[in-house]
Amino acid sequence: MGLLIGSHVSISKGLIGAAKEAHSYGANTFMIYTGAPQNTKRRPIDDLKIEEGRTYMAEHDIQDIVVHAPYIVNMSSVKEDIYELAQTFLSEEIRRTEAIGSRYIVLHPGSFTVKDPDWGIKRIAEGLNNILTKDTKPFICLETMAGKGSEIGRSFEELQQIIELIDLKDKIGICFDTCHTHDSGYDIIHQFDDVLATFDEIIGLDRLKVFHINGSLNVCGARKDRHANIGADTSNKRGMDQIGMEALRNVVQHPICQDKPLILETPWIDKKTNLYKEEIAMLRGTE
């Protein structure tokens with residue numbers, strides 16, 4: 001498959017609309033939320049124009065698409081009603097992911113708020129154990145997090161601690177976010193190979209399923225999670241990328257990233273303008 005690169009696109013016009021938007025950016029993969037990421041409102045699966053979308057994807061060589069679970073799913077919530085909602089809703093999102101035909105659903109592990117990391121880690125694992133079955137098809141890809149607030153997943157060790165408590169470990173993957181990993185303190189600019197070696201030692205490279213390719217407005221270790229456009233300089237009104245084009249191109253061209261979906265979640269310049277087409281071309285080395 002080679003380099004699979006795309007961006008977050010909208011599913012407001014169904015899977016066919018998402019696929020057409022991705023193609024307009026020169027992408028050969030993409031990521032969607034199955035509805036608004038801020039709430040639980042979802043259209044029926046039959047309204048998502050899935051077959052039309054799959055046909056268009058096959059005709060335009062778009063493959064290995066990714067679903068992102070909504071932000072409101074907090075699998076380490078201390079509030080029982082929110083915790084139960086997270087499990088119920090994630091189960092439904094898994095069903096929708098299967099219907100769409102994606103092999104990956106990316107999940108923010110959650111925030112422990114007034115408790116502590118160990119409590120949060122156990123809480124996440126318990127919730128996932130309640131959801132996962134031997135028939136679950138997509139990988140649940142835990143995302144590397146920046147470490148702001150009480151986020152779980154700010155280190156490879158925390159992610160591995162979750163995995164160790166999962167009964168069906170073969171259902172778990174990792175989504176490596178370049179902004180988050182940089183912001184949490186890993187030097188992907190100068191030592192990406194060393195970071196991967198550390199990841200391999202702690203978690204195992206075989207769990208890497210998806211990459212989020214994002215610049216960062218912050219210095220390494222800032223723990224703030226503020227995305228920047230790829231390689232943006234001071235003229236970009238959204239701010240300068242502290243990771244930089246060279247480092248991010250080195251990431252996407254690395255052998256570990258070949259044949260894996262590489263998804264941009266970079267800022268829109270304004271309500272009508274994004275840079276996905278230009279960023280994808282730059283990362284491919286065609287611009």
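Glycine is treated like the rest: Cβ placed from N, Cα and C.
According to TrEMBL, the residue from His60, His68, His212 that belongs to the Zn(2+) 2 site alongside Glu143, Asp177, Glu265 is His212. Among His180, His182, His190, His254, the residue that TrEMBL places alongside Asp225, His227 at the Zn(2+) 3 binding site is His180. Taking the C-alpha positions, the distance from Glu265 (Zn(2+) 2 binding site) to His227 (Zn(2+) 3 binding site) comes to 8 Å.
Compute the center of the Cβ atoms of His180, Asp225, His227, which mark the site for Zn(2+) 3; besides them, the chain residues with Cβ within 8 Å of that center are Ala146, Asp177, Cys179, Asp183, Asn214, Ser216, Lys224, Arg226. For His227 (Zn(2+) 3 binding site), applying a Cβ distance below 8 Å and a minimum sequence separation of six or more within one chain yields Cys179, Asn214, Gly215, Ser216, Leu217, Glu265, Thr266, Pro267. Rounded to a whole number, the C-alpha distance linking Glu143 (Zn(2+) 1 binding site) with Asp177 (Zn(2+) 2 binding site) is 7 angstrom. The local packing around Asp177 (Zn(2+) 2 binding site), expressed as other Cβ atoms within 10 Å of its Cβ over all shown chains, amounts to 27. The local packing around His180 (Zn(2+) 3 binding site), expressed as other Cβ atoms within 10 Å of its Cβ over all shown chains, amounts to 26.
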